[in-house]
Amino acid sequence: MKGFDTNLRLQASSSPPLEFSNGFLPKRQGVINLNFRNCYPRSSSHTMLKLFSSTASRAHHLTPAIRAGSRSVESPLFKALSQLTGLNRRSTSLGQRVFFCSEPTDGAPDAEAAAEAEAKAAESDSEGADSKSSSAIVPTNPRPEDCLTVLALPVPHRPLFPGFYMPIYVKDPKVLAALQESRRRQAPYAGAFLLKDDPSTDSSSTTDVEKNISELKGKKLLDRLHEVGTLAQISSIQGDQVILVGHRRLRITEMVSEEPLTVKVDHIKDKPFDMDDDVIKATSFEVISTLRDVLKTSSLWRDHVQTYTQHIGDFTYPRLADFGAAICGANRHQGQEVLEELDIHKRLRLTLELMKKEMEISRIQETIAKAIEEKISGEQRRYLLNEQLKAIKKELGVETDDKSALSGKFKERIDPNKEKIPAHVLQVIEEELTKLQLLEASSSEFNVTRNYLDWLTILPWGNYSDENFDVVRAQKILDEDHYGLSDVKERILEFIAVGRLRGTSQGKIICLSGPPGVGKTSIGRSIARALNRKFFRFSVGGLADVAEIKGHRRTYVGAMPGKMVQCLKSVGTANPLVLIDEIDKLGRGHAGDPASALLELLDPEQNANFLDHYLDVTIDLSKVLFVCTANVIDMIPNPLLDRMEVITIAGYITDEKVHIARDYLEKTARGDCGIKPEQVEVSDAALLSLIENYCREAGVRNLQKQIEKIYRKIALKLVREGAVPEVPAVANDTEEAEIVSKLDVESPETQVVEENPVASAEESKEQAQIAIEKVMIDESNLADYVGKPVFHAEKIYEPTPVGVVMGLAWTSMGGSTLYIETTVVEEGEGKGGLTMTGQLGDVMKESAQIAHTVARKIMLEKEPENQFFANAKLHLHVPAGATPKDGPSAGCTMITSLLSLATKKPVKKDLAMTGEVTLTGRILPIGGVKEKTIAARRSQVKTIIFPEANRRDFDELAENVKEGLDVHFVDDYEKIFELAFQQD
């Protein structure tokens, strides 16, 4: 037979395309044809190999050169693998045994016989030769073992094992030209050496590695290569892709040239080993056993075994080790370790370890795939069953689909109140229900429509809570929760009275303004309870988005209605009490002006048709009672302030704070700390001292904190003294009773024993009472619980000296007294002037200038010959210097201080005054009458001078505030002069 043709076609009819595993498994993207054709041309003998395959990623299976042999295959390893893979090695199509082997072995006669057979075949026939094929691997004149100087090619990812082939990409044109030249010279061999890791970089991407390889030249490249590599035959060159076929192991000895890198090599032989060694046999059979387990799970490896055994020859021990290491998923370092190992037993052990790891990975992969498959199949089965169940129920009329169920739910909501729902709202609901039936449940518009209908149908259209029109009951509820605040309570009672006379109540907008801690927010909850209305509170402090008030457009993702629509849904009635907190702290940002959005909400003429952007239908809010809170009404925009009825809460006086502390704060703090009333007693003097020296602010929030602090310290004291636990005391009594009962049985003196328990019980009770000693809080020990006083007496001067007058001021913490002090700096002809200190504001500085002018005018009228103001340089100071001060109400006080210095007369004792003065001496009204009056009482002032225009404000004060005060109302400074400088 002149030649033979072996065609191995690996193609799966129904399986998916196979990907390369770890750089060695073939991609089944097309048909892999391994066409072996031996022809015998007349000129020379060629052994042709053609490869038709898709491009591989890292390494492909062997495309070997083949030699004809005459021996039959009798290797036990190969028989085991042949039985394992179902391959009949004695196929009639092969005709004779085929070898690919250039490993250095001791069988020299076999090599010589093979060479002679090749020579005879070359001389006999040369028909069908294709000498121009670039992909053919042809026998060359120099044999592989004659190659002692080779080009060094870096392999980036994994080492090339003998019997396998690998494509690499050569970017260097000099190296590529040298490879092409060696093929033309019939010496197509090169050395493939694995590249070492670059210690300077951590990058492991293919692009970075190839870039680093292209930059390495000469000595640097040699330093980066492993010494042990593989002699590779250049199978084909297509562009910059070079396909290498591994032959045998090499070791670099020295460098011959740098560009391209050429090195001298030694051909490495395996260490001699005993073929009959039991350990080697056992190891090899364990490798085969592991291969058997792996081949059961992966058909890809089975194809490898078939191809390798068909075209390589016997599975000797070295080839078995190389084969296992090459096809498993070992990393580059493990593969290089197997390549460098020359001891066959050790090489087999390394391969076995890698195979075991690969087997374990295969098992894990199979487990994961099985779990995912079960999960997917279970979900699909459950989905199909649910769909069938829905179809059956729908057919039987037992259950409707989701859209029908939703429509039924919405209709159930609106049917009871259908007559109360406005016609335009009912029309929109019907249209949306019809639209819902036409939409697919999976569409985004379906969810938008469903949410819109949910909001439309859940609102309390026409549902109102039954209001309380009983004024007496409302008065009782308001007094239970708050002490004082008569103005607020009176306004709420008026609202109830009007509603009772009309038979129905309308919504109002009330604004409670006052300092922090006076009970603005808590009184809103009490008003709702008194009116029997639902209560809803939301704060607008720092609010900068109009959508919080008016809602979002439905076209936005996650759109929601505004606060008022959410309020109606939450309370379930259309006439709640809505408390809008911190309305003076509204923000303004890029999302609009919320203060302008509140104009529609808080306008009685507009909120009957309030339009929310989300609902897009008008809502009637005319029955809603709005209560707003603010600290300073000056911060509220005027158009918004004009729509509200402002009720000012000035704060609490000392007497009111005492009542609040005694009736509300103390009870709450005692209950929160778990203390009984009989265990603690706080005296009135202690409460008064606490209010005067620690809590002077207008509100009672700080007072509540201080009282809680006192009771916490009392609780700690009681626990430390052991006076609290009463349960253990009862346990002791029972133990004593048991002991007494035992004595009763044993002792003959029964009468004495019977009297002892009573006496012991009485004694224990007396001891418990003695132990639980009441804690007394008085003015003397108050500092032990709350620390040193924060405030001190405002009255600096007992007898007021010349040039000093007491004034009255309003602060954020209530009222305060302050002194106006003047003194002479120097006197001289024409040196008259005024210097002002005390951190005064612009308005107060102008008042001082006006006071200086008016005082000078009065002195000219009273004492024409007195030239004090013309010749004296004066200094006016207002303590304390660290506190900013401003306002016009100190004008009359400054004039009196200057005149006292000019006349050298002190003012009347215990006198305080306030009022703005004009250049003509007229006294204008001021604010904060209540706070200033309280401050005067706190400083033991007996005589107060107010402007005449403030008489009405003073008359509205409570009698306990006005009690004991001599108040004068003036409209011209002449009256102040008479009152201030009259003799007692």
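The backbone N, Cα and C atoms fix where each Cβ goes, and this holds for glycine too.
Under the heading region 'Disordered', TrEMBL lists 110-141.
Annotation source TrEMBL lists domain 'Lon N-terminal' at 150-359.
Of all Cβ atoms in the protein chains displayed, 24 besides its own lie within 10 Å of the Cβ of GLY519 (ATP binding site). Annotation comment: TrEMBL describes GLY514, PRO515, PRO516, GLY517, VAL518, GLY519, LYS520, THR521 as ATP binding site.
Among the features that TrEMBL reports, domain 'Lon proteolytic' is placed at 799-983.
Per TrEMBL, the feature active site maps to SER889 (among others). Same-chain residues at least 6 positions away in sequence with a Cβ under 8 Å from that of SER889 (active site) are, in sequence order, GLY807, LEU808, ALA809, TRP810, THR914, GLY915, GLU916, ILE926, GLY927.
For LYS932 (among others), the entry in TrEMBL reads active site. For LYS932 (active site), the same-chain residues lying six or more positions away in sequence with a CB closer than 8 A to its CB are LEU808, ALA809, TRP810, GLY815, THR914, ILE926, ILE944.
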Site of maximum Cβ density within 10 Å, from binding-site residues GLY514, PRO516:
GLY514
Would you list, in sequence order, the residues of this chain other than GLY514, PRO515, PRO516, GLY517, VAL518, GLY519, LYS520, THR521 that have their CB within 8 A of the centroid of the site's CB atoms, where the site is the one recorded for ATP?
LEU512, THR629, ASN631, ILE649, GLY651, ALA698, GLY699, ARG701
Counting every protein chain present, what is the number of Cβ atoms, excluding its own, within 10 Å of the Cβ of PRO515 (ATP binding site)?
20
Are there any residues in the same chain, six or more apart in sequence, whose C-beta is under 8 angstroms from the C-beta of THR521 (ATP binding site), and if so which?
ARG537, LEU579, ASP581, THR629
Long-range neighbours only, meaning 6 or more apart in sequence with Cβ under 8 Å: which ones does GLY517 (ATP binding site) have?
GLU697, ALA698, GLY699, VAL700, ARG701, ASN702
Specify the count of other C-beta atoms within 10 Å of the C-beta of VAL518 (ATP binding site).
26
